[in-house]
Amino acid sequence: MTFALTSSGALGINSTALICNFKTTGSCIKMQLLEPFIFLSTTLMAAHKTTLCLVLLAACLAAATGGKLSPEYYSSTCPGAPAIVQAGVVAALKNETRMGASLLRLHFHDCFVNGCDASILLDDNATFVGEKTASPNNKSIRGYEVIDKIKGQVEKECPGVVSCADILALAARDSVVYLGGPSWEVSLGRRDSLNASKEAAEVSLPEPTFNLSDLAVNFWAQGLSFRDMVALSGAHTIGMARCTTFRDHIYNDSDIEPSFARSLQQFCPPRGHDDVLAPLDLRTPAQFDNSYYVNLVNYKGLLHSDQELFHGDSADRSLARTLYESDRPSGGFLNGGGTIKPFMDNPAAAIVRNYADEPAVFLDDFAKGMIKMGEIKPLTGSAGEIRKFCGKVN
């Protein structure tokens, strides 16, 4: 199979796409893309069993943000904010190490739904149903009380200055550092959204059942590259997952080491016990390192979507290869001639092996990916607000 990509088949910077979920909600939301993206027809996407389709609506729209993020954003208005956030994170992780993974995931799930705007923290109200009860978040996302406590401490120091979105970004970084991972410079100045959308969360967040092409399309929709996808998936080197998220993988997939599958089946039966937990990284579940990738090389990924990075069926790999090739700086998005011939190998597998062999490479790429992810469609300038309480608008 060959994908012919012409100038009419790519979405440019600031293009608007329609992201549709035909598998569950049957509805669509508009999303502004931060980088060029491939135009994929519903027929092509159905062939790869993905839940996302992209429809070109308009190109070259003006950016909606009114300012830029900066690490020094609060240097004169609330210079103590980063230290307050860090102290709150350290206290929370000393009480429960697992909270580090939860805070990192909060930031990730926030940014993937209409940008890094703290919409994930909003409770339902009379005007919208928020993101907390969306299927990827319900009974899964946690750490709200930690963010609320930190926000209260920041408000005492600098009332009405520091956004909940910035607190999420700082807390994610500080959690990774506390657990032995890399540090990175967090740019600040995000503002908080005035609304949230359960529907948007349903179609924007990756699922544990995703195949390789599903993952690649999902990350590209956020302006993140193929390598970013593999690196940021390494967040699963910490944290836990519920039985219901990995049941199909341990009973029905062939790309899993048999003894590993049997060990999980002992406490995750074919039916029931949905909320029983297992570590996403069986080797060092409370340490931020490259063991996640070592697990994948040995076919011990907990989730179907994890192991897909080192597996994926042949048809699925071809689409992933197409997206991978589009990242190559030598050819640009259309790789010179406008036609990309996908290969049958899994382009993610080479990156996984590299990260398994070279932990420093993974840690550096993860930090770079987090910087990019933290800058997905932030509200700046006069957009949004600075919430007094993270769970509700002012």
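Note: Cβ is positioned from N, Cα and C throughout, glycine not excepted.
TrEMBL labels come from automatic prediction, so no person has curated them.
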Disulfide-linked residue for Cys78, taking TrEMBL as the record, within Cys158, Cys164, Cys243: Cys158
Member of Cys164, Cys268 annotated by TrEMBL as disulfide partner of Cys243: Cys268
Cβ-centroid neighbours of Ca(2+) 1 site Asp110, Val113, Gly115, Asp117, Ser119, Glu131, 8 Å, sequence order: His109, Cys111, Phe112, Asn114, Cys116, Ala118, Ile120, Ser193, Ala196, Ala200, Ala201
Shell list (Ca(2+) 2; ref centroid = CB of Thr237, Asp281, Thr284, Asp289; cutoff 8 A): Ile238, Arg283, Pro285, Gln287, Phe288, Asn290, Ser291, Tyr292
Minimum Cα separation from Cys164 (disulfide bond), reported as the residue among recorded positions Val113, Gly115, Cys116, Glu131, Cys243 that achieves it: Cys116
Top Cα neighbour of Asp289 (Ca(2+) 2 binding site) in the set of recorded positions His109, Gly115, Cys243: His109
Confidence summary (mean pLDDT) of the domain 'Plant heme peroxidase family profile' (68-394): 91
Integer Å distance between the CA atoms belonging to Arg105 (site 'Transition state stabilizer') and Thr237 (Ca(2+) 2 binding site): 12
Local Cβ density at Glu131 (Ca(2+) 1 binding site) - other Cβ atoms counted within 10 Å: 28
